[in-house]
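Colleague: So TrEMBL lists these for the protein:
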SIGNAL    1-21  signal peptide
REGION    26-88  region 'Disordered'
COMPBIAS  34-43  compositional bias 'Low complexity'
COMPBIAS  44-61  compositional bias 'Polar residues'
DOMAIN    94-288  domain 'Mediator complex subunit MED14 N-terminal'
DOMAIN    371-438  domain 'Mediator of RNA polymerase II transcription subunit 14 RM2'
DOMAIN    453-565  domain 'Mediator of RNA polymerase II transcription subunit 14 RM3'
TRANSMEM  712-731  transmembrane segment
Amino acid sequence: MFFIKLGISVTLSSQLRAALAADSPAAAPPAVSPAPSGSALSLDQSSGISDVPSSQEQTVRVSEIDVKSEQSSESEDETENPLPVVPPHCGPQTIPLHMLLDFAVQQTYHEITVLAELMQRKSTDQGEQERKTSLLHFAQGTRLQYVRLVALVKWLRVSKRMDICYSIDYLLDLQAQYYIDTADRLVAMTRGDLEMARLPEYHIAPAIDVLVLGTYNRMPSKIKEAYIPPAKITPREQKNVTTRLNQLIETRLSRLSTGIPPNIKEIHIANGIATLLVPGEFEIKVTLLGETEMIKWQLLNVKILVEDYELGMGLPLVHPLQMNQIHGLLQTRLDVSANPIKEAFFFLHSFCVSLQLDVLFCQTSRLAAGRLRENITIEKYDTKERVLVVGYWVKRSKSKKLTVGQVKYDAQYRVQIYEDKEDKRGGLKVRHFPHAPQLGKLDCDAGMISMDRLLSDTFLVRCKERVMRLRRIIEAAEPLLEIKMTGFSIPSLQLALLPDSTATEEMLTVSVNSFCGKVLCDLGMLEKDHEDVLAFGRALYSSHCSSETIRSYLKKLRVAIVIERYRRSVKALPVLERKETELNPFVKEVLKNSPQTRIVLQYLRSENYYLLVSFVPDDEEIVSTNLQLLECEEGRAQLVCLDNEEELYKMPVRDALRQGTISFTDETRRHEDCSREQALAFAVATVEDRITYMYLAGELQKKGKMASSRTLLLSFLLIAIALCAVSAAYAPRNIRGVGDVPSMFFSPFRMMGKRNQFYGLFKKIRSNEVVDY
């Protein structure tokens, strides 16, 4: 194949020379004698180079050649071209002449059209000058363009002479390709077919034995290795070898003892193998394969002790193929290092630190996408600098610089996990911003590093720190407020807002959410979503919380507790709490000047009467209570203030019946041990009794039998007073709410039976069942 291609190349080169000689001026008859002044080189058919005179004779010959070439152009086309024909896609790119002419005509037409449209707009003297200039430029540009086309058409007459250059270029490329293919084929034959064609090595020694001795005593060692097993090592020899290896390893390690890092906590030598352990990072096994000093340490096994039970389920974190690559690279470093043990430590220590940092990053990413979503953020993770910065207790804020919908996350605290560049032997270190004692740390020696555990320990310390700061802020705002610290794992504050608060549900609990750092307030007596409780928590969480704000919220919460107490105390009474939106519109004008914090109680038996209990924060009484009676009848509302409690609790019923209105003027003293809730219950019952008496007196007046009925009513009242006196005489004196007021009138539950009697009588009068007394 090689000789065939070589022959083809020789034939092609001869063809090239023949073609060049046929088209060159050297094809004319040579001169008799060359000019001594100078000569030029030209190709010949035989040698390819000849001396040609460069004087006037050369010019004459060239002109003669041109004339002859023009006359015999048709004959040259018929002669056979020795060069190969260039394929269509291998030569230079061409364009048809008619297409080129079409382009020129279309461009000229376009320019004429544009010029005609522009000239119509130029009618002034200056426009006339511009029109002439435009026509001149157009005529000159068009003339140059068509002159180029004429020159191109004239050049086409002699363009066939350039075709031989394309053929020569193609011929040279073809020869170069033949040489490359021949070389590739020879290399393939050498590496493939000729590999099995080598001559075997001559066995000189067996041939001499056969020729001299006539026998063949030596067998190849391959036969022995294949069929005869080696002798086994005895236990004694094995023990001696391992003991000697242990001595050699101890000697070599003792020489390197000054350079062995202190992080290697355990070095165990047994059975000719030295095991070096760095807790939480790696374990390697090395040995020696000889006794000379030139023998290098042989690495037997590498074990990575970094584990991840949160994501990896305790499985190996390094792939076996990666371990093989690490093994090979470390063995190469051991062979060229002056202190192999130190080199192995720094190499594997650097790898384990990077692996631990990557494990922490994966754990943090999972926490940021799962349980602690929007509460922690990864601010920086750089594998080159080996640093991981995690921000926690994130605050979301909107900035004007951000686009619509974007939220800026600002971390209140940060934890940085990094490798100290100055301490190459140390592991990962933790730095907290801002710094505080007893914050979370990493236990790298155990190998099972956990970002969740680190953040949990840090959250616990930060919660205690924030709770203590809240306690100082509240104590500064309310020095006399009783504050207790409760809880150990989750610390919280308990605030006794009222002096008589003993139940746990009346205590305000202030704690910190360990996940997001927000302040949580809880008051068991109130609802979870109470507006004042939530607002107080937001105020404590904000960085601009003043003492005035805290005092105002504490006053609101005290009022809320008292209101809830009153609501619970009147549940068993014949009243129903109403919302102000359910009242008539004209009632709002009457209540316009009363305090905003109030409750409205409607009497079930007298639906036109409402008892308004308003609450106002007071420095002395903490919360002061005002009672008002509202009467709504026929589009008319009347508001009676019951500020004087004594006139409410004490008044002869006879005076109330005589007056026919609800007016309390008599003054008596009230027992001091009566609580607010009992006082409200008594006020509700008393007002209901007075309303009943007033209705009874009104009905008697309507019947016109007031004189006869008054005797009957007075008799009933005298009997009731006598019974009250008897019960008061025998009643114990330590009962709360017992004073000069008769017990049956003081307690709403004791009065219930008598009140029902009067109400039954009132119903009979309304139905005309009572005639006269």
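Note that Cβ sites are derived from N, Cα and C of the backbone, with glycine treated the same way.
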Colleague: Can you count helix, strand and coil residues in the domain 'Mediator of RNA polymerase II transcription subunit 14 RM3' (453-565) using DSSP?
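Modeller: Helix (H, G, I), strand (E, B), coil: 58 helix, 21 strand, 34 coil.
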Colleague: Report the mean pLDDT of the predicted model across the domain 'Mediator of RNA polymerase II transcription subunit 14 RM2' (371-438), rounded to a whole number.
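Modeller: The average pLDDT of the model in the domain 'Mediator of RNA polymerase II transcription subunit 14 RM2' (371-438) works out to 84.
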Colleague: For the domain 'Mediator of RNA polymerase II transcription subunit 14 RM2' (371-438), what are the DSSP-based totals of helix, strand and coil residues?
Modeller: 0 helix, 36 strand, 32 coil
